[in-house]
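Take a look at the structure set out below.
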């Protein structure tokens, strides 16, 4: 079995993949996945909101923005180092081997909050787990210090296509997102970068977002695929629910475009049937977020996920630290 790593996919080619009959798309994705990732296993990642609410950004989907009126927009102080590490230990005991930490910031703040972040990264790495941080934009020096602390990956999503982006956020440009990703790469930290469907975008928008990701050289090591969780008090609160099979198509297409990336089944999974989630695994998803909360939105509980993987006949990387994001 062979596959090709490409960075020259066109939007038209990607849209054609998204429009394939579902069974044909799944077959192609599974072929690429088996060729690129022998010994298929699912990585379990746990996600913790270290600093919740009070974010200056105006992302239309986000419950943590000060511009929105959800229940979690009020500022909460950053968690202390030891409670975060206690949560990391608990995540490891539950089977996760990657611990992701989120800060509701526009950009990383220097000083005590950043020093605490570095201590958290070191502590997670000392547990033998991968450490991922998502905290908005950052400087070259901050990226370098995170790399020195042992950070495995930095998450900074594109959210949507360049064409649809201004309908979702106005406080940060698409170019600023790309520049943040470049700083992370320059520091030697792996990228976790994906997007969200169900925000009123077109099929071409989805293809365009995937084209930006697939054009990166190298591809992002981790590609989270999210479905919108419509939160009361946000501009997208009345958005119609995304169609689960559309998320399956996004997973499959991401797998074809970026054969060796970890395609992460992320937010929105709680609203999907077990069968739709298993189809996502069949389509090439090889990571799930594990635990009953993703930052501020719900997620299937640990026991439900254990049963899901068992029923699918999929092995997880229980407490095995991987070298890729």
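Glycine is treated like the rest: Cβ placed from N, Cα and C.
Per Swiss-Prot, the feature domain 'Radical SAM core' maps to 40-269; the stated evidence is sequence analysis.
Within its own chain, residue 59 ([4Fe-4S] cluster binding site) has 65, 159, 168, 169 as residues 6 or more apart in sequence whose C-beta sits under 8 angstroms from its own. Residue 59 ([4Fe-4S] cluster binding site) falls within neither a helix nor a strand when secondary structure is assigned with DSSP, and so counts as coil. Taken from Swiss-Prot, the feature [4Fe-4S] cluster binding site applies to 55, 59, 62, supported by sequence analysis.
Under the three-state DSSP scheme, residue 192 ([2Fe-2S] cluster binding site) falls in the strand class. With a 10 A radius on its CB, residue 192 ([2Fe-2S] cluster binding site) counts 30 other CB atoms from all the protein chains. Marked as [2Fe-2S] cluster binding site by Swiss-Prot: 100, 132, 192, 264.
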CB contacts under 8 angstroms to residue 55 ([4Fe-4S] cluster binding site), restricted to the same chain and 6+ apart in sequence, sorted by sequence, are 62, 64, 65, 66, 104, 105, 106
